[in-house]
Amino acid sequence: MAMKNLLKEDDIKKALDQFKAADSFDHKKFFDVVGLKALSAENVKLVFQALDVDASGFIEEEELKFVLKGFSADGRELTDKETKAFLAAADKDGDGKIGIDEFEALVHE
């Protein structure tokens, strides 16, 4: 499912522009600007599935690096520092990856 079916294209562009610089990514601000926080839990889980490129049921560290590209091809890669900080914020059970419920909880925290 394309992100544009769930989120407004203008919000996606605004969010990507706001975090264009390396090491500027803040997941809480990004989720708010892109419109994820306003989505229902069900729709947040659809976004998760779109970001889970290998359909493993988890967003692993390698997929997380490309999370902004999941919103738009124009998105940049996260730096290693940003990726590790994002993973640490979301990975509540310490398994080194983000499950669908962890993602939903992070978006709506």
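Cβ coordinates come from backbone N, Cα and C, glycine included.
What TrEMBL annotates here:
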- 39-74: domain 'EF-hand' (DOMAIN)
- Asp52, Asp54, Ser56, Phe58, Glu63: Ca(2+) 1 binding site (BINDING)
- 78-109: domain 'EF-hand' (DOMAIN)
- Asp91, Asp93, Asp95, Lys97, Glu102: Ca(2+) 2 binding site (BINDING)
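What TrEMBL annotates, mapped onto the structure for a quick look.
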residue : record                : CB count, 10 Å
Asp52   : Ca(2+) 1 binding site : 20
Asp54   : Ca(2+) 1 binding site : 10
Ser56   : Ca(2+) 1 binding site : 10
Phe58   : Ca(2+) 1 binding site : 18
Glu63   : Ca(2+) 1 binding site : 18
Asp91   : Ca(2+) 2 binding site : 19
Asp93   : Ca(2+) 2 binding site : 10
Asp95   : Ca(2+) 2 binding site : 11
Lys97   : Ca(2+) 2 binding site : 20
Glu102  : Ca(2+) 2 binding site : 19
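Cα distances from Asp95 (Ca(2+) 2 binding site) to the binding-site residues Asp52, Asp54, Phe58, Glu63 are smallest for Phe58. Here the Cα atom of Lys97 (Ca(2+) 2 binding site) is found 13 Å from that of Asp54 (Ca(2+) 1 binding site). What surrounds the Ca(2+) 1 site, by Cβ distance within 8 Å of the Cβ centroid and not counting Asp52, Asp54, Ser56, Phe58, Glu63, is the set Val53, Ala55, Gly57, Ile59, Glu60, Lys97 from the same chain. Assigned with DSSP, the residues of the domain 'EF-hand' (78-109) fall into helix, strand and coil as follows: 19 helix, 3 strand, 10 coil.
Using CA atoms as reference points, the binding-site residues Asp52, Asp54, Ser56, Phe58, Glu63 were checked against Glu102 (Ca(2+) 2 binding site), and the closest is Phe58. It is 12 Å from the Cα atom of Asp93 (Ca(2+) 2 binding site) to that of Phe58 (Ca(2+) 1 binding site).
Taking the mean position of the Cβ atoms of Asp91, Asp93, Asp95, Lys97, Glu102 as the Ca(2+) 2 site, the remaining residues of that chain whose Cβ falls within 8 Å of it are Phe58, Ala90, Lys92, Gly94, Gly96, Ile98, Gly99. Cα spacing between Glu63 (Ca(2+) 1 binding site) and Asp91 (Ca(2+) 2 binding site): 14 Å, rounded to the nearest whole number. Looking at Asp52 (Ca(2+) 1 binding site) and Asp91 (Ca(2+) 2 binding site), their Cα atoms lie 15 Å from each other.
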